[in-house]
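Before any comments, here is the structure.
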Amino acid sequence: STMRERKATDPPHSSTDLSEGKEKLRLRQEVGLISGVSLIAGTMIGSGIFMSPEWVLHHMGNPSSSLLIWAACGLLAMFGALSYAELGTIIKESGGEYIYILRIFGSFPAFLFAYTSVILVRPAGLAAVCLSFAEYAVAPFYPGCSPPQVVVKCTAAACILLLTIINCLNVRLATSVMNVFTAAKLLALLVIIVGGLVLLAKGQTQSFQNGFQGTTAGIGAVGVAFYQGLWSYDGWNNLNYVTEELKKPEVTLPRALMIAIPLVTCLYLLVNVSYLAAMTPSELLSSGAVAVTWGDKVLGSWAWLISLSVALSTFGSSNGTFFSGGRVCYIAAREGHMPDILSMAHVRCLTPSPALMFTSMMSLIMIISGNFTSIVNLFSFIAWLFYGMTISGLLYLKIKKPELPRSYKVPIIIPIIVLIAAVYLVLAPIIDQPQIEILYIIPFIVSGVILYFPLVHFKCHPRFLQSITLHLQLLLEVAPTTRDVN
């Protein structure tokens with residue numbers, strides 16, 4: 001059958017079980033509706049809304065058309081999330097895209113997803129968030145000019161190293177940091193929205209007076225604008241990574257999505273309107289940190305509050321990205337698609353420290369070699385490639401396997417729209433505005449194909465790899481983990 005059978009699971013026998021440690025500390029209780037909404041919205045509201053507006057405007061050429069892109073991104077995220085909600089009620093396992101691709105299409109495409117996700121997508125997301133944190137953290141020290149790139153990159157690298165220490169030491173500490181910093185991001189957004197409404201009430205509407213004059217018409221430019229906007233909505237699929245922990249997933253999953261994503265979309269639109277009320281389009285385009293420039297214009301001597309709030313917000317968001325980053329890595333290693341060392345846990349801290357250290361190392365490489373815009377474009381291209389594959393899997397199940405039990409059904413037109421959008425987002429920038437970062441992906445995926453057959457399919461594991469794994473175990477004080485029982 002096409003729906004792949006789950007592998008037999010080992011009985012739990014050790015308190016150092018990673019899944020047990022993570023579930024006990026990270027998601028100790030079942031996730032209900034309110035916590036589900038918080039998980040989605042808290043992950044989505046990160047660095048994007050403070051960094052991407054100038055790039056969406058840059059590629060669209062007009063404030064009104066850029067607002068349309070923000071609204072369209074919210075609608076697309078909603079459609080994608082509803083499609084994932086049906087998948088989550090058919091395949092009730094944690095792991096998101098990886099587990100859906102594995103169960104529907106089999107081992108080979110699932111390996112390619114895990115390979116690109118663990119080595120590129122997750123580290124790219126973390127690098128982009130940490131770069132935005134660094135922009136805001138150092139902005140107050142360089143008033144009236146952009147901070148040097150070397151300072152920004154060193155600050156972002158320090159942020160990643162601090163997150164590595166926090167997440168490797170204690171899972172409770174990591175979750176506490178995430179919860180505390182959520183308040184900062186909501187406060188920053190509300191201050192910006194209220195300030196913008198006051199400016200509009202005073203008649204500052206000049207940015208909206210030219211309608212759609214000067215709008216960019218190129219399909220590639222629109223695709224790249226979507227990349228920058230959708231980066232801010234990334235996280236709409238996060239609840240599918242913890243499906244096994246949801247209370248009544250058939251009800252909670254779709255309801256949480258229907259509350260959280262429209263809420264975030266409204267907040268984003270209001271924040272963008274506020275930016276444009278305070279700044280002219282040219283001022284917004286020349287700003288390295290949009291929210292800081294807004295604070296300078298609107299709050300005056302209190303502008304440092306915005307910079308502080310956004311820095312705290314993006315740090316909290318990067319912690320969340322880092323914290324959840326080990327999940328796909330762990331599950332892929334559990335299924336035999338990643339080196340054994342990445343599925344091991346620290347014997348005392350019960351944290352997936354090898355996976356976290358590996359993610360940290362790859363993120364540092366990306367920070368050194370790239371900038372925010374290029375990293376987001378790379379992240380978005382790969383992400384939508386696999387979102388499209390996952391959605392095509394749902395369409396396959398709807399057409400060929402309608403008898404499978406599912407408590408929630410999305411109208412078939414919605415996944416079709418998402419699939420068309422995914423194909424457009426993958427192809428349009430390549431055809432119209434090929435980016436050098438995207439060209440790097442082709443040899444990378446080819447390398448994944450080459451590695452799959454000897455290492456996974458034929459299970460050819462050289463002796464020296466076993467020796468390296470043993471030495472790393474001793475050095476990092478980690479032990480093998482058992483699989484999830486459910």
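Positions of Cβ are set from backbone N, Cα and C atoms, glycine also.
In TrEMBL this protein carries:
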{"type": "COMPBIAS", "residues": "1-10", "note": "compositional bias 'Basic and acidic residues'"}
{"type": "REGION", "residues": "1-21", "note": "region 'Disordered'"}
{"type": "TRANSMEM", "residues": "31-52", "note": "transmembrane segment"}
{"type": "TRANSMEM", "residues": "67-87", "note": "transmembrane segment"}
{"type": "TRANSMEM", "residues": "99-118", "note": "transmembrane segment"}
{"type": "TRANSMEM", "residues": "154-174", "note": "transmembrane segment"}
{"type": "TRANSMEM", "residues": "180-201", "note": "transmembrane segment"}
{"type": "TRANSMEM", "residues": "256-278", "note": "transmembrane segment"}
{"type": "TRANSMEM", "residues": "298-317", "note": "transmembrane segment"}
{"type": "TRANSMEM", "residues": "354-372", "note": "transmembrane segment"}
{"type": "TRANSMEM", "residues": "378-397", "note": "transmembrane segment"}
{"type": "TRANSMEM", "residues": "409-431", "note": "transmembrane segment"}
{"type": "TRANSMEM", "residues": "437-456", "note": "transmembrane segment"}
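Among the stretches 298-317, 409-431, 437-456, the one making the largest number of Cβ pairs under 8 Å with the transmembrane segment (31-52) is 298-317. The stretch from 67-87, 99-118, 154-174, 298-317, 409-431 that makes the most Cβ contacts under 8 Å with the transmembrane segment (437-456) is 99-118. Sequence-distant contacts of the transmembrane segment (256-278) (same chain, at least 6 residues past either end, Cβ-Cβ under 8 Å): 33, 36-37, 39-41, 44-45, 49, 53, 63, 66-67, 70-71, 74-75, 77-78, 81-82, 84-85, 189, 192-193, 195-197, 199-200, 204-205, 207-208, 232-233, 236, 239, 284, 290-291, 294, 297-298. The transmembrane segment (99-118) shares more Cβ pairs under 8 Å with 378-397 than with any other stretch in the list 154-174, 180-201, 354-372, 378-397, 409-431.
Simply put, out of 67-87, 354-372, 378-397, 409-431, 354-372 has the most Cβ pairs sitting under 8 Å from the transmembrane segment (154-174). Within its own chain, the transmembrane segment (67-87) is flanked in space by residues 40, 44, 56, 60, 96, 100, 222, 225-226, 229-230, 232-233, 236-237, 240, 253-254, 257-258, 261-262, 264-265, 268-269, 272-273, 387, 390-391, 393-394, 397-398, 406, 408-410, 414-415, 417-418, 421, which lie at least six positions past its ends and keep a Cβ under 8 Å from the stretch.
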